[in-house]
């Protein structure tokens, strides 16, 4: 019952997030995204042949595979997966974590994020522009908020898998992983920029870059 009550709170919070959407206000009842259109606008062009399937997804029903280097997987339910979200200013994700799994430091440039813990426990936190970190351990049925644009993370320090549902006040919040952005950009960030920024040698930078390079 406690988890159900927390889920109700999450849904109410979603309504609040929609009311303060980070995206532009809609000008019509719906504008289902035409993901194949060559027209470039702030969002997606509307398509004419709309069906109920454009507003449906089962993407978040099953746990994601976490057998990767970070031990986590983010499954998005945004406008690219649910075309009916176009202009509605809201989206969800499911994040699954293996024991010890990490959703590494990243930002969402276009949205505030709120997570609701489905299973397990997580250590979470965000860092302000004044370099102050706010962190907390959260467990099943609990909620934590990450303000728009701030660097944040989630870590499963438990011995069992964990999972959350994340809500965003944007149809496409965007994700910029700090390490991937700096060490796997294309074209690459110059080594002399990274060595100066991190106060390390070129060999260390090249070693980190090699770990982010595509595996054949």
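Each residue, glycine too, has its Cβ placed from N, Cα and C.
Taken from TrEMBL, the feature signal peptide covers 1-22. Taken from TrEMBL, the feature disulfide bond covers 31-46. Positions annotated as domain 'Cupin type-1' by TrEMBL: 58-206. Marked as oxalate binding site by TrEMBL: 103, 108, 113. Annotation comment: TrEMBL describes 106, 108, 113, 152 as Mn(2+) binding site.
DSSP labels the residues of the domain 'Cupin type-1' (58-206) in these numbers: 22 helix, 58 strand, 69 coil. Separation of the C-alpha atoms of residue 106 (Mn(2+) binding site) and residue 46 (disulfide bond): 31 Å, rounded to the nearest whole number. Between the alpha carbons (Cα) of residue 31 (disulfide bond) and residue 152 (Mn(2+) binding site) lies a span of roughly 32 Å. Of the chain residues outside the oxalate site list 103, 108, 113, 93, 106, 107, 115, 146, 152, 166, 168, 173, 175 have their Cβ within 8 Å of the site's Cβ mean position. Rounded to the nearest whole angstrom, the C-alpha distance between residue 152 (Mn(2+) binding site) and residue 113 (oxalate binding site) is 10. Between the alpha carbons (Cα) of residue 103 (oxalate binding site) and residue 46 (disulfide bond) lies a span of roughly 33 Å.
Looking at residue 113 (oxalate binding site) and residue 46 (disulfide bond), their Cα atoms lie 26 Å from each other.
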